[in-house]
Structure formats: C-alpha cells, structure tokens
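**Q** Here it is, the structure, as structure tokens.
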Amino acid sequence: MQTGFAFLEAGSVRSKNTTNIIMKNVLDLFIGAIMYFAIGYSFAYGKPGNAFIGHNYFFATNMDEGGNTINLLLLLHLRSFNVSDKIIISNFTYAGWFFQYVFAATASTIVSGAMAERTEFTTYMVYFTFLTGFVYPVVAHWCWSEVGWLKVGMAHGLSYIDYAGSGVVHLTGGSAALVGAIALGPRIGRFKPDGTVNDLPGHTVTVAALGGFILFVGFMAFNGGSQLSISNPGDGNVVALSVMNTVLGGASGAIVAMLVYKTTDAIRGEDHYWSLLITINGGLAGMVSMCAGCNDMLPWAAVVIGTIAGLAFMGWHHLMLFCKIDDPLDAVAVHLGGGLAGVLLAPIFVMKGLTSPETQQHVGGIIYGGNYLAFQSFGWNLLGAVAIIGWTVAISTLLFGSMKLLGVLRVSEADELRGLDEIKHGEPAYPIKSYSDQSPPY
C-alpha cells in the first residue's frame, strides 16, 4: 500500500516536488511505526479501556495480557510444544500490531496527497505524528475494539459495520485531508483570477499509473486480510469473497468515473478525453467503498456499490474545484467520497448483517432481511460516519488552524515556486547535472 501511494503521489506532483513527496511516504512508515508502537496501538486496542479510548500496551508493554482472538485449537497445539500462554498471546498481539499499524499509516498518508507541493516539511512531521498517534487510534477504538461505543452499540444487538475500514481508515484520512487542503489554500496558479481552473499536471502519468496498479494489488490484502485469520473453518471463503468483491467494486468505479468524466465535458461543450488518472482514482474509490462490507455481500452488490462510489468520486472531484479547494491527488474525492459510500451502503446490501439478540440468527441487510435491526444498522452506520467526520474535522481544525496562525503551515511563495526538492532536501529527483555528458574534473 505504501509503495503504491508513493508512486501515485510522485507521478501526480510536478517534478520539482518529487523527492519531497516520496520522503513523506518513507517517513509515513517510520514515524508511523514509532508512534503506533509508543501510544497508537494502546489508544486503539489497549486493555482495559473505556468506550472512548483504550490504554495499556504503551511501548508494547503488557501485550501478553491480550490476544482474545486466538484460535483455541491452535492455542492447544502450541501448548503441546511447551510454549507458555504468555508467549503465545504476546506473539499474536505483535502480529495484530503490524496489521493495524499499516492501517494507521494508510489513514495518515491520505493527507499528504491533498496537501502536496506547498506544506512545510517540519509541519508535515508534526501533523502526521498526531494523526497516527492519536486521531486515527481513537476512531479505531470506537469501531473495532471490544468496548468501543460504536462497536458495542447503544441498543442490544446493534453494532457498527465496517469490515476493513471504509469509515475507520478512509473517512478519517479523507476528512483530515479536506481540512488540511482548506487550511493551506490552493497552490500558486491553480485557479485563475477569474476563478476558472488552471491545470497543474503531474510530471509523469506513467509513475502514477504504476502506483495505481500497486494499490490495486495492495487492496487485496487490505480487504482480504481483514478477516484476521485463515486457519478457522470458513476463513478461506470469506477472504476469497472479499478479494472478488474488491476487484469488482474497483472495476465498476473505474469505468463509471471514466465515462462520467468524458460525457460531462462533452455535454458542456468542452474538450473531452478518456482520462487515465480519473480512471485510476475511480477504481481506488470503488475499492475504498468495498472496505466496509466486502466480506458479506454478493458480487452483484459490489458492482452496484462500486458504481455509486465512482459517481461519488466524480461528485466530490467537481465539488472541490467548484469550492476552489486544491487537492493535487483527488485524495478527498477518493477516500472521503468512496469511504462514505461504503459505510452507508454496507448495511443495505450485506447478506448476514447483525445477529438478532432474540433469535441469535443473522438478520441480513435491508435488501436481504428487512428486519428492523437492519434499518437500525443503517442509522448506526450513519451516526458512525458523522462521528468519525466530526471528530477528525474538529481535531484537524485545531491542529492545522494553530499551525496556520503560527505561520508554519505553508512554505514561502519563493520556495513553492522553486520547488521543495532542492530547498528542503538538496536532492532533486531529476538533477540537471545528471543529464550532462561532461565528465567531472578530477
């Protein structure tokens, strides 16, 4: 996933900012690892915890107290080799840390794309640290921990449906990206004095497309791996269904976005093209929408949801331009648009859905079951989406707003015009000297 983001972002920015954006993607992994090790995982899954936030496990301490999801047969098997329960439990918790750390890094990486080409590098490190260590883990705790208020539900049998993070990961990242892009303001020259859009194309569609392909593959593990197990009966079927639905959702989102972009420009009498970048982002939006319920819906439903996600992506794409909000990667349209579609549509199309507390049977979704609990589930997911957006927007506004007031959020006009590679890193991605055929003097 991180490799895909790095290439997609690198290809979508101008050549003078390539090193800068790749450096941010590298640090997404490394800063994210330290912060999730220190406090992030503790806030998300630390036990004991309350409905709002977890605690314990700071700096990976006391992790041998967790591990409630361990398969009992596997636990007994390992015991036969005289392996202590504490070692077994801690090892499983370490594996869980790794998987969830990647989700945390993904949520925060989304923001760097929307704020590309004009953000102070030190400011980036501060906001990424905060998002990975606190903002995202709190949302993950609400939705995925055993005691989180969205997971538990206020009514008996009610629970938030979000299998692989349409809301937890993508709504969080997309909301923070929106606030960051608004706080920063558009890049110099992005909008003309009369308000019309001025295209500032990235320097290589080829590299951006490579990033898109890598992300398409990454989403297979992102969604398929969210089963968190492969050794229990039925795990393989769920993983296979998740992967198939992810592919179909991405395919329908890509095709719809491509067609809508082409036809809307034609209807307006403007130059109209088959856009590769729009197609890639439409595919990503479709896969984002699949995260919420890809494990529990028929393939035809994945096509429908992916189609709606493609439309949502195009709607957000045009809305951002209409509002003069500059997002070089269309990160908000992909992740906020696709994530919101997934969260709201999953309770409608799931096959099993929630379990009735009276009958202990699955009630299905609104289409397949029609049970009152399925309609309540839709309302609960809607409330979850509002809560995630509200929390992220509120904290991000304080974070980015304070940085803007201090004058440390955005680079100077001179630095932005020259490019951040040389100014901030001294390592331009395409140094002029490397293209010279003159040998250096010795």
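Cβ coordinates come from backbone N, Cα and C, glycine included.
Remember, TrEMBL labels are computer predictions, not curated facts.
Quick paste of what TrEMBL says about this protein:
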type	residues	note
DOMAIN	1-430	domain 'Ammonium transporter AmtB-like'
TRANSMEM	26-44	transmembrane segment
TRANSMEM	94-112	transmembrane segment
TRANSMEM	124-144	transmembrane segment
TRANSMEM	164-184	transmembrane segment
TRANSMEM	205-226	transmembrane segment
TRANSMEM	238-261	transmembrane segment
TRANSMEM	273-292	transmembrane segment
TRANSMEM	298-319	transmembrane segment
TRANSMEM	331-350	transmembrane segment
TRANSMEM	378-400	transmembrane segment
**Q** With pairs 6 or more apart in sequence, are the transmembrane segment (164-184) and the transmembrane segment (94-112) linked by at least 3 Cβ pairs under 8 Å?
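**A** In this chain the transmembrane segment (164-184) contacts the transmembrane segment (94-112) - 3 or more Cβ pairs sit under 8 Å.
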**Q** Is it the case that the transmembrane segment (124-144) and the transmembrane segment (205-226) have 3 or more CB pairs under 8 Å, with pairs at least 6 apart in sequence?
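**A** No; fewer than 3 Cβ pairs under 8 Å.
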**Q** Looking at 26-44, 298-319, 331-350, which one has the highest count of Cβ pairs under 8 angstroms to the transmembrane segment (273-292)?
**A** 331-350
**Q** Six or more residues beyond either end and a Cβ under 8 Å away: which residues meet both conditions relative to the transmembrane segment (298-319)?
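**A** For the transmembrane segment (298-319), the far contacts come to 244-246, 248-257, 260-261, 264, 278, 281-282, 285-290, 330, 332-334, 336-338, 340-342, 345-346, 349, 351.
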